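Worksheet: one structure, shown below.
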Amino acid sequence: MKIYLVGGAVRDSLLNLPIKDKDFMVVGATPEQMLQLGYRQVGKDFPVFLHPKTQQEYALARTERKVGLGYGGFSCYASPEVTLEQDLLRRDLTINAIAQDEAGNLHDPFHGIADIEARQLRHVSAAFSEDPLRVLRVARFAARFHGLGFEIAPETMALMQHMSQTEELTALTPERVWQEVDKSLGGPHPEVFFEVLRQCGALKVLFPEIDALFGVPQPEKWHPEIDTGLHTMMVLAQSSSMTEEKAVRFAALVHDLGKALSPKEHWPKHHGHGQKGLPVIKSLCERLRVPNEYRDLALLVSDQHQNVHQAFELRSETIIKLFDKADFWRKPERLKQLLLACIADMRGRTGFEHQPYPQSDYLNACFLAANNVDVKAIIAAGFQGAQIKEVVNSKRIEMVAQVKQHWPGAQAKETP
């Protein structure tokens, strides 16, 4: 019985990155032997055990055989006869197929160390193409290690392109697809994840709403990058540089989906694209089982980002309506999220990457002033029922008007 540290822990150690989780592989043992040693079995599809003291996972060495469609269509075979190399052969990338024994020696039958040094993401074997989830995993690794200079090996990209043309991707469950998206949104370069998927053809299959943005032009005056898909990737990158909130990053990703619905004869203009995108966002979120928190913010950003950009031109009454619609009174953190997404939208354009966004300070000041209206004092003054709401609303409009009057660059005009 031999125990090896495998997978991400070995890879990250070689990259001098923090090690989060440790996974172990056991060669030459039976489930009965593991149980006798005090390990607790938790794996249903294949033998995985928890260490009696550390609770870390120990999996028996196994092989896999493709028996059906999708990432779950595998038959696993675990036996004391399965060798270290046979187990490593079933793994996705060479950089994830390195093992370390208890003496600290590295076992690298598929040259993963050389690929780490060459910064290459390369598949271990042709069996890579049997698991469609690996297309998403490689895209995620490309995004995760983009800052370290990693690139996908040409032969691996060719395999991913072939896989994207088969029915395998459509066999992925929405939950597994979203799981990979969510992990990527939490990484340093989520835009790379989607760029890789587009490069291999998977974006069109899994995220047709996003893929449809590429090739849609925008006015060059405001968008020197012109292409809406390119702009979307730039906005996602900007949002990632400003916040780690995945909900904000998701909102940045989908804020312009409505532009794909603009009639070609109207290009490069996209009137009402924010509102046109709302049903598209709802449909995407429903299909992928996107959390409500992400969906609600994405809908708000799509619906209101044009108003936020034009904040200085809005009447005080319109600003209060925006605050009401977004329910900032009960969820003030949403204003910060909306503004972050709008800043990313403004800076996600060629030549505008470091542009100031005074609308943010202005709307924050408007909200702070409006939120200071004392509702309890209005109730104490004897107002009742619908009167309370009317008076509160009127007072809030007055407070915003005062901010507007003294704010440089804000138009004082209050008539429609």
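Keep in mind that glycine also has a Cβ here, set from the backbone N, Cα and C atoms.
Some features that Swiss-Prot has for this protein:
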- GLY8, ARG11, ARG91, ARG137, ARG140: ATP binding site (BINDING)
- GLY8, ARG11, ARG91, ARG137, ARG140: CTP binding site (BINDING)
- ASP21, ASP23: Mg(2+) binding site (BINDING)
- 228-329: domain 'HD' (DOMAIN)
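Feature annotations (Swiss-Prot) mapped to structure.
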residue : record              : Cβ neighbours (10 Å)
GLY8    : ATP binding site    : 17
ARG11   : ATP binding site    : 22
ASP21   : Mg(2+) binding site : 10
ASP23   : Mg(2+) binding site : 16
ARG91   : ATP binding site    : 23
ARG137  : ATP binding site    : 18
ARG140  : ATP binding site    : 21
Measure from the CA atom of ASP23 (Mg(2+) binding site) to the CA atom of ARG137 (ATP binding site) and give the result in Å, rounded to a whole number.
-> 18
Rounded to a whole number, what is the top Cα to Cα distance in Å among the residues the record ties to ATP, namely GLY8, ARG11, ARG91, ARG137, ARG140?
-> 16
Sorry to bug you, but what's the C-alpha spacing from ASP21 (Mg(2+) binding site) to GLY8 (ATP binding site), rounded to the closest Å?
-> 8
Using DSSP, break the domain 'HD' (228-329) down into helix, strand and coil residues and give each count.
-> 80 helix, 0 strand, 22 coil
Would you list the other residues of this chain near ATP - those whose C-beta lies within 8 angstroms of the C-beta centroid of GLY8, ARG11, ARG91, ARG137, ARG140 - in sequence order?
-> GLY7, ASP92, LEU93, ILE95, ASN96, PHE141
ARG91 (ATP binding site): secondary structure state under DSSP, collapsed to three categories | coil
Simplified to three states, DSSP reports ASP23 (Mg(2+) binding site) as strand
Hey, how far is ASP23 (Mg(2+) binding site) from ARG140 (ATP binding site), Cα to Cα, in Å?
-> 20
ASP21 (Mg(2+) binding site) versus ARG11 (ATP binding site) - Cα distance in angstrom | 12
In Å, rounded, how far does the Cα of ARG91 (ATP binding site) sit from the Cα of ASP21 (Mg(2+) binding site)?
-> 17
In the predicted model, what is the mean pLDDT computed over the domain 'HD' (228-329)?
-> 96
